[in-house]
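What follows is one structure encoded as structure tokens, with my remarks underneath.
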């Protein structure tokens, strides 16, 4: 409902505060803490840091006659995932991809506005002021919107004027929150309760099919069999996704509830308390941190349960 937008603003404020806590932790020892992992390692030590393979003790990779098991298999997988970035001579190219993501989000928001204003649709959606049943999913989705804390340390280290990090951070969070609020208000005013998950609407593949056909070589553009093959492939892939994930927002909210609350809310607070020993001195700062820690715990437990329940029900 409309009142849930207040929760979005509160989560944005909490996320921006935990991001500032990450900066304070890095300022404690700039040479030793250059990444998110370094912050956690400085707070709790590295004795238990390389135990991912213990979660899957029987996991292994078989490459021909070579059998890679345990910790080494995860090292290989990590190397494979990092490999594409090694093909670039200058990682600054990735910044253009990031800028493209920001630009595309703004374009989508503007497009939604013009659809409601000029296409005869109008802003007549009937929304509810408060919907208790939708709160768990909404909390998880809102949390998912602010899950970039793991990349803040590298950004902070790459800045020439680190003193401006806090200002840049607050401006970024403000722009993101305004964009989210604008899209939420426009979408709710236009569609109301009729908003559907994009992954289950197969008609969206038609413009994609046309775009793919336009990219084909000249001798294949007018080929009927190629056109049919493209559309069938898109339809089959959409059917598979819709069958496995009939409601994409449930899967997204599960990620937000279960993973992001830990990385973006809990760990920054816990690491800050551990590094600076703030828990020994009661004050407004400690009370605020404890409140922020309770919020993601509530969101994580309630949101994870709701997301799993919805996903199981719809599969």
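Each residue, glycine too, has its Cβ placed from N, Cα and C.
The transmembrane segment annotation in TrEMBL covers 6-23 (among others). If you look at the transmembrane segment (6-23), the same-chain residues 6 or more away from its ends with a CB under 8 A from one of its CBs are 36, 39, 135, 138-139, 142-143, 145-146, 149, 152-153, 156, 165-166, 169-170, 173, 176-177, 180-181, 184, 264-265, 268-269, 271-272, 288-289, 292, 295-296, 299.
According to TrEMBL, the feature domain 'Amino acid transporter transmembrane' maps to 71-200 (among others).
Marked as transmembrane segment by TrEMBL: 72-88 (among others).
Sequence annotations record features per position, and here TrEMBL assigns transmembrane segment to 94-117 (among others).
What TrEMBL records for 129-149 (among others) is transmembrane segment.
Positions annotated as transmembrane segment by TrEMBL: 169-191 (among others). With a cut-off of 8 Å between Cβ atoms, the residues of this chain six or more beyond the transmembrane segment (169-191) that come close are 2, 5, 8-9, 12, 15-16, 19-20, 23, 105-106, 108-109, 112-113, 115-116, 121-125, 127, 145-146, 152.
Residues or ranges marked as domain 'Amino acid transporter transmembrane' by TrEMBL: 207-311 (among others).
Taken from TrEMBL, the feature transmembrane segment applies to 228-248 (among others).
Sequence annotations record features per position, and here TrEMBL assigns transmembrane segment to 254-275 (among others).
The feature transmembrane segment is assigned by TrEMBL to 287-308 (among others).
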